[in-house]
């Protein structure tokens with residue numbers, strides 16, 4: 001792994017494989033890494049985030065997953081980012097220390113979401129206390145206000161953040177507020193922060209604004225198609241890039257109407273990759289057989305521009 005390399009391109013928000021009885025299944029992580037690299041051309045991962053059910057896992061489980069992803073990603077993945085956010089500051093700090101100790105490329109933290117910070121200073125104070133426990137590796141803020149309820153604008157947070165968090169390197173921006181995102185890009189003109197967009201169906205819009213890349217669940221199974229979209233945009237062939245974005249949106253629009261979340265993402269990953277991802281952890285419940293049949297048929301019916 002090359003943790004000093006600027007984070008850009010696609011980052012798969014990994015699901016957490018589980019056994020049928022709901023225990024984490026570390027035995028398939030090696031196969032998972034192989035699949036991402038060889039089948040999806042994705043060499044960056046974001047572990048223990050929302051897609052990975054990180055907040056539903058025990059501290060020990062999160063540590064085991066971090067260790068396994070770092071181990072299996074050695075010399076095969078460019079970046080293994082470990083999400084270490086927690087409601088408890090000491091637990092988040094413990095996870096940060098552990099991630100750094102086992103060789104993670106970077107850590108990320110979402111805002112605490114029960115007792116919430118009410119302004120920029122309170123939020124940065126929390127983030128600084130976590131980041132300071134891993135002073136040798138990059139730190140990313142994970143902005144996901146529709147789940148945390150913390151709607152402090154990222155553009156506002158950037159003012160002076162490097163002085164308070166020296167290891168700050170960027171943001172995983174999982175929100176539809178493209179105005180805030182655009183202001184972040186504009187404010188960052190003299191900095192080297194990475195802004196990674198987290199709403200997969202709007203990625204092309206974010207790239208046009210200046211996103212460095214993206215973190216998302218669909219890159220687990222549509223990474224190769226999304227990479228082709230990035231290549232089309234770079235040519236530039238905007239019409240082709242739009243085709244890829246519209247087709248991704250067509251699939252997501254279809255499954256969202258059926259009810260689409262982490263449990264359903266695990267089901268899609270299972271039938272696309274052939275790797276058993278298992279059930280989600282309660283309170284989430286597994287995808288129905290009806291969902292699996294319909295989602296699989298829809299994905300197989302899409303005719304992509306590359307003919308696949």
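Cβ coordinates come from backbone N, Cα and C, glycine included.
Here TrEMBL flags 142 as active site, proton donor/acceptor.
Residue 172 (active site, schiff-base intermediate with substrate) counts 28 other C-beta atoms within 10 Å of its own C-beta, drawing on all protein chains shown. Annotated active site, schiff-base intermediate with substrate per TrEMBL: 172, in sequence order.
Marked as pyruvate binding site by TrEMBL: 51, 215. Around the Cβ of residue 215 (pyruvate binding site), a 10 Å sphere holds 28 further Cβ atoms from the protein chains shown.
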- Message: What does the structure give for the C-alpha distance between residue 215 (pyruvate binding site) and residue 172 (active site, schiff-base intermediate with substrate)? Integer Å is fine.
- Response: 7
- Around the Cβ of residue 142 (active site, proton donor/acceptor), the count of other Cβ atoms that are within 10 Å: 26
- Taking just the CA atoms, what is the gap between residue 51 (pyruvate binding site) and residue 142 (active site, proton donor/acceptor) in Å? 13
- Cβ density check for residue 51 (pyruvate binding site), other Cβ within 10 Å (all protein chains) comes to 24
- Query: What is the interatomic distance between the Cα atoms of residue 142 (active site, proton donor/acceptor) and residue 172 (active site, schiff-base intermediate with substrate), given in whole Å?
  - Reply: 5
